[in-house]
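Quick look at what TrEMBL annotates:
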DOMAIN    C:88-197  domain 'Cytochrome c assembly protein'
DOMAIN    C:273-395  domain 'Cytochrome c assembly protein'
TRANSMEM  C:12-29  transmembrane segment
TRANSMEM  C:50-72  transmembrane segment
TRANSMEM  C:84-102  transmembrane segment
TRANSMEM  C:107-126  transmembrane segment
TRANSMEM  C:146-169  transmembrane segment
TRANSMEM  C:181-203  transmembrane segment
TRANSMEM  C:263-281  transmembrane segment
TRANSMEM  C:308-330  transmembrane segment
TRANSMEM  C:342-358  transmembrane segment
TRANSMEM  C:370-394  transmembrane segment
Amino acid sequence: MEKKQCQCGHLNPPGTVLCEVCGRSLTEKEQKSKLVDMRYEGTARRSQTYNKSIIDKVWNFFSSVKVGVSLIVLLLVAAAIGTILPQKAYIPATTAEEIKAYYADVYGSVGRVYHFLGFHDMYSSFWFILLVGLLAISLIVASLDRFVPLYRSLKNQRVLRHISFMNKQRIFADGPGAEDTMQKAEEKLKELKYKVTTDKNGLLAEKGRFSRWGPYVNHIGLIIFLFGVMLRMMPGFYVDESLWLREGETRAIPEAPGYSLENKGFQMETYTGEDDEAVFNEAIDRVGSVAKNYQTDIVLYQKPEDSLPGAADLEKVKESSIRVNEPLKFDGYAIYQMDFRLDELKAMRFELTNKESEESLGELTIDLINPEKTYDLGNGAAVKLLGYYPDFSGFENGEPQTATPLPNNPGFLVEMTTPETPDGETSFITIKNTVEPFGENQYKLAFQAAETRDVSGLTIRKDRTLPILGLGGLIFMIGVAQGMYFNHRRFWIQQKADGEIILAGHTNKNWFGLKKDLDQVTEYASLPAYVDQQEEIEKAEKLESEEQS
Amino acid sequence: MNEKKNKKKQNRLIMRSAILLVLIAAIGYTIYNSATADDVTVLEVGDKAPDFALADLEGNDHKLSDYKGQGVFLNFWGTWCKPCAKEMPAMDRQFDVYKDQGVQVLAVNIAQSDFEVQSFSDQYGLSFPIVIDKTKSVMTAYNIRPLPTTVLINPEGEIERIVTGEMTEEDIKGFMEEIKPE
Amino acid sequence: MSLTDLSGNLLYVAFFAYLIGAIVFGGAVKGNKERTSEGSFKSESRWGNIAFAITILGFLANLGYFFTRWGATGHAPLSNMFEFTTAFGMTLVAGFIVIYAIYKTPIVGMVVLPVALLIIAFASMFPSEVSPLIPALQSNWLAIHVSTVVLAEGVLAISAAAGLIYLLKVVDLNKKSKQRFWLEAIMYSLILVIGFVVASSYFSLTGYESEFAYVDKEGKNAEITYHMPAIFGMHQYEQLNEDKMTPLMETPAVVNAGKLTTVMWSLIVGTIIYWLIRLIARRRIAAIFKPFVKNVNLQLMDEIGYRAVIIGFPLFSLGALIFAMIWAQIAWSRFWGWDPKEVWALVTWLFYAAYLHLRLGKGWHGEKSAWLGVVGFAIIMFNLVAVNLIIAGLHSYA
C-alpha cells in the first residue's frame with residue numbers, strides 16, 4: 001500500500017481514512033458516506049498498513065476485532081459446555097477409571113460422550129488454556145495496534161479542520177454569528193471544564209480525553225491478571241494442601257516448613273431457634289436444622305530456628321480459632337476450615353467382671369491413641385495389653401491385622417489377671433465380639449462406654465500470585481471505569497471571514513450529555529442551532545419507507 | 001529515504017516476531033505446566049537430605065547429622081502397612097551385615113503409639129533404631145506420600161535414591177552397597 | 001406487627017405500586033398525540049410523571065421491605081432464591097428510575113415495570129420465610145458481593161428492556177422472518193413466567209401435596225414431596241398417597257422429576273395463557289405492543305441500551321468477578337473453582353465484553369445491539385434460574 005497525499009498537502013500513512021491534519025476523507029467510501037467514521041480518529045490501524053511477511057499476517061490476524069470477538073465467543077461457549085455435567089473435581093471419584101465409570105454410570109451415554117470429549121476436565125484441558133492464551137495474544141496485539149496511532153493522532157490534533165470533516169460529524173451547525181460569538185463560546189466552554197485551544201479563526205474544545213485510554217488500561221490489567229494465572233500454573237507458586245487434624249493431635253503443617261498445628265477442639269453448632277433466633281423458627285422447622293458454626297480451636301507452633309524437624313521443642317506462635325470465612329493467617333499462609341468428621345473413637349472404658357457372679361473388679365480406660373502396656377486395677381487385678389489393632393481387619397496366619405492406623409474398629413489382645421486367675425486369661429476383644437483363644441475364661445472385659453473425638457478437615461493455602469492477580473484486577477477496574485464512566489467530548493468551531501459559524505461536535509459515547517453541554521454553549525454564545533445528523537438520516541429513512549408502503 | 005524505510009520495516013518485523021514468539025512460548029510453557037501439574041515441592045535425588053531429630057523407643061534422640069560419614073537407609077513405615085512389615089526382617093538381616101561397613105538403618109514410624117511400635121519391634125525382633133515421627137514433621141519435610149518409602153542417603157548427606165513400595169532382600173542389599181562409604 | 005410482617009407488607013405495597021405504575025405508563029405512552037412546542041408529547045410527559053411518582057413510591061416501599069428485613073434477620077436479605085430474585089426486581093426498578101430521570105421515557109417504564117413485577121412474583125414462589133445464614137455466608141462480603149451483582153444485573157437488564165422496545169418498533173411483524181419469530185419467542189417466554197406463577201400459586205393455594213419414595217442417582221433411597229400433580233415420576237418411584245395423580249412417565253435418576261414436573265406445568269399453563277391472549281387479541285403478542293412503540297425514538301433507545309451496558313459492565317466486573325473472587329478466597333480458600341455459578345458469571349461477563357467489542361470495533365449499533373442486549377438478559381436469567389435450580393453447585397442455597 002502507498003502513502004496517501006491529502007489535498008491539504010499532508011502525506012498520510014497507508015490505510016488512513018481521515019487526513020491526520022485537516023480531517024478530509026481519503027477513501028472513496030468515506031467520501032460518499034454521510035457521516036464520518038470516527039473510530040480510532042480515522043487513523044490507520046497499524047496492522048492494516050503493512051501486510052507483507054508471514055509475521056505480519058499472523059500479527060494482523062490477532063489484531064482484528066473479528067478474531068478477538070470470535071475467541072471470546074469460543075471461550076464463552078466452551079465455559080458454558082463445562083457446566084452441563086459436573087466437572088471431575090466435583091464428583092466423588094478420584095482415579096481415572098473411577099471417573100470414567102462414574103460418568104458412564106450416572107449420566108449414561110451422554111456422560112460417556114462428555115467424558116470421551118474431555119469436557120469433564122474442560123478448564124484444564126490444553127485447548128481451553130490455548131484459547132485463553134490466544135485471547136491474551138489478541139489483547140496485546142490489538143491494543144498495541146490501536147493505541148499507538150490513536151495516541152499520536154490525539155496528541156497532534158489540529159484545531160482547524162476541513163469543512164468536509166466538520167459537516168460529516170454527527171453534531172453539526174452552520175449559520176451566521178456575531179462578532180463576540182467565538183469569544184463567548186470559549187468562555188462558556190471553559191466554564192464547562194473544556195480544554196480550549198485556538199488557532200486563527202477557530203477553536204477546539206476538548207474534555208475527558210483520558211477516557212480514550214480506558215480500554216488500553218483495562219487490557220493491561222487483564223494481561224497482568226492472566227500473567228498471574230500463568231505463574232500460578234508453574235510449580236512452587238502456590239500451596240494447596242489438606243490436613244485432617246484430630247482433636248488433641250499436633251501435626252506438622254504440610255508445605256509450611258517449621259510450622260505445626262494443634263487441634264484443641266472442634267465445634268459444630270446449629271441454630272436453636274431460641275431467643276434472638278426465634279425469627280428463624282419457621283425456616284428451621286422447614287429444613288430440619290441449619291448449621292451455624294464450624295470451628296476448630298487451634299494452637300500454632302513453630303520450631304525454633306536452630307531446631308530440627310521432629311524435635312519436641314516447639315514454640316507457641318498463637319492460639320486462636322479457625323472458622324468458615326475466618327481463616328488462620330500467618331507468614332503468607334492461610335488455613336481454612338473446610339470439612340469435618342464427627343465422633344471418631346478416642347478411648348474405650350471396660351469393666352473387668354466375673355462372668356458368673358457379675359462382680360466387678362474395677363474399670364479401665366484404654367486410650368486408643370496412646371494405649372498403655374498394663375492397667376493395674378488394684379487388689380491383685382490387672383489387665384495387660386498384648387496387642388492393639390486400631391482398625392482390626394481380620395486374621396492372617398493367626399495374627400490380627402490392622403487396615404489403617406485409625407481407631408475405626410479397635411481390637412485388643414489382653415491378658416487378665418485376678419487373684420482367682422493368677423496365671424492370667426487371654427481374650428481378644430473387638431467391638432462386635434470377643435474371642436477366647438485358650439478356652440473358656442472366668443473373667444471378661446465388659447464394654448462400658450466410649451469417648452469420641454472430632455476430626456477437623458483443614459486446607460492450607462499459600463498463593464504468591466495473589467498480589468499480581470489483585471493488581472491486575474485493580475488496573476482492570478480503573479481502566480473500565482475510566483473508559484466507561486467518562487467520555488471524550490470535542491467541539492470544533494470556526495468563524496469564517498463573513499461571520500459564518502461552523503460547528504461540529506463529537507463524543508465517543510453519551511451523545512445526550514454532549515448535546516446538553518452544547519445547548520448551554522449555544523444559548524450563551526448565540527451559536528446557530530445544531531442538528532443531530534444521525535437522527536436526521538433516520539427520519540429520512542423512515543419517511544422513505546413510509547412512502548413506499 | 002528507501003533505506004530508512006527498509007530499516008523501519010526490518011525493525012518492525014523484528015519487534016513483531018519477538019512479541020509473538022514470547023507470547024507463544026509463554027502459552028506453550030503454560031500448557032506444558034498444566035499437563036505435568038505437580039504443585040508440591042518434591043525432594044529429588046542429589047538434594048541434601050533435610051536434617052531432623054527424632055526420639056526412639058528408649059527416648060534417645062537420633063539426628064540425621066549424627067550419622068555423617070555413614071550411609072543412611074531411611075525407611076518410613078507404619079504397622080498397618082503390610083509391605084512395610086514384609087521388608088522389615090530382610091532389612092534387619094542386611095543391617096546385620098552392613099552396620100560394620102558404615103551403613104545405618106533408621107526406621108521412621110508415622111505417628112503411631114509407642115505401644116504399637118514396641119509390640120511390632122518385639123514381634124519381629126528388630127535391632128535397628130526405630131524412631132517415631134509423632135507430628136509427622138519429618139514425613140512432611142521429606143514429602144513422603146505412600147508407605148513404605150525408603151530414602152537412601154550417601155555418606156555426604158545427599159539423597160542417593162528414593163524407593164517407593166516394597167523392596168526384596170536383593171534390592172535392600174544392593175541399596176546398602178550403593179550408600180556404603182568407600 | 002413484627003418487623004418481618006412489616007417487611008412483607010411493604011413488599012406488597014411495592015408490588016401494587018409497580019402494577020399501577022405500569023398501567024399508567026402504558027396509558028401515558030398510548031395517550032393523546034398532541035405535541036408540545038419542544039416536540040415531546042403532552043399527555044406522555046404529564047401521565048409519565050404521575051406514573052414515575054407512583055414508581056418512586058413503590059421503590060421506597062421496596063427499599064423499606066429490604067431494610068426492615070435486613071433489620072429483622074441481622075443480615076442483608078440476599079441469601080436465598082427469594083431474597084436475591086426480589087432484590088433483582090428492585091434493582092431493575094432502580095435502574096429504570098435513573099434512566100427515566102435522565103431521558104424521560106415512559107415507554108421504558110411500560111416495559112420494565114411489568115418485567116420487575118414478573119420477577120418479584122417469580123421470587124415469591126420460593127420459600128420466603130426469613131432464614132439464618134449457614135457458616136459459608138456469614139460474612140460482610142455477602143452484602144458487598146451480592147448487592148453489587150444484583151445492582152449490576154438490574155442495570156444490565158435495562159439494556160434488554162431498551163433493546164426489546166427497539167425491536168418491537170423495528171421488526172416487521174407482517175412478514176415472516178427470523179426476527180419476528182424470536183421476538184415472539186421473547187414474549188412467549190415472559191408469559192411462561194406467568195404460567196409458572198399461576199400454576200404454583202394455584203396448587204399451593206389448594207394445598208396440593210403428593211409423596212413419593214425413589215432411588216437417587218447414587219442408588220440411595222430417598223423421599224420427595226411434590227407440590228404439583230406429578231407428570232413425571234422420580235427414578236424407580238413408589239407413590240405414597242393413593243388418591244393423587246400417578247406420574248405419566250418415569251425419568252432416569254439424574255433428572256429431578258419433581259422440578260421437571262414444575263417446568264411442565266409452567267409450560268402447559270403458560271402456553272394456554274399465551275394462546276388465550278392471542279385468540280382474544282387475534283394477533284401476535286408482539287403486535288399488541290406495536291401501537292405503544294410507534295413514537296419511540298430509536299436513537300434514544302439505542303443510546304439507553306448502550307448506556308445501561310457501560311454502566312452495568314464495570315459494576316458486574318466488580319461484583320460478580322472481583323468481589324466474588326475475594327470472598328471465594330476467604331470462604332472457600334480459592335478465588336476461582338469453576339463452580340457452575342462462577343462459570344456463568346464469567347460467561348455473562350464475556351458476553352458483554354463481546355457486545356462492547358462488536359459495538360465499538362465492528363459498529364454493531366441499532367438492531368444488532370438490541371438483540372445482544374436481550375440475549376444478555378437471557379444469560380443473566382439462565383444464571384439466576386437454571387444454574388440455581390438445575391445445575392447443582394456451591395451456590396445452590398435455595
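Cβ atoms are placed via backbone N, Cα and C, with glycine included.
Using a Cβ-Cβ cut-off under 8 Å and counting only residues 6 or more beyond its ends in the same chain, the transmembrane segment (C:107-126) has close neighbours at 11, 14-15, 18-19, 21-22, 25-26, 28-29, 48, 51-52, 55, 80-86, 88-90, 92-93, 95-96, 99-100, 157-158, 161-162, 164-165, 190, 193-194, 196-197, 200-201, 204, 292-293, 296, 304, 398. Relative to the transmembrane segment (C:308-330), the listed stretch C:146-169 leads the set C:12-29, C:146-169, C:370-394 in CB pairs under 8 A.
Contact check: the transmembrane segment (C:146-169) against the transmembrane segment (C:50-72) gives fewer than three Cβ pairs closer than 8 Å, residues 6 or more apart, which falls short of the contact criterion. The recorded stretches the transmembrane segment (C:342-358) and the transmembrane segment (C:370-394) share 3+ CB pairs below 8 A when only pairs 6 or more apart in sequence are counted, and are therefore in contact.
Of the ranges C:12-29, C:84-102, C:263-281, C:370-394, the one with the most Cβ pairs under 8 Å to the transmembrane segment (C:50-72) is C:12-29. Within the model, the domain 'Cytochrome c assembly protein' (C:88-197) carries an average pLDDT of 93.
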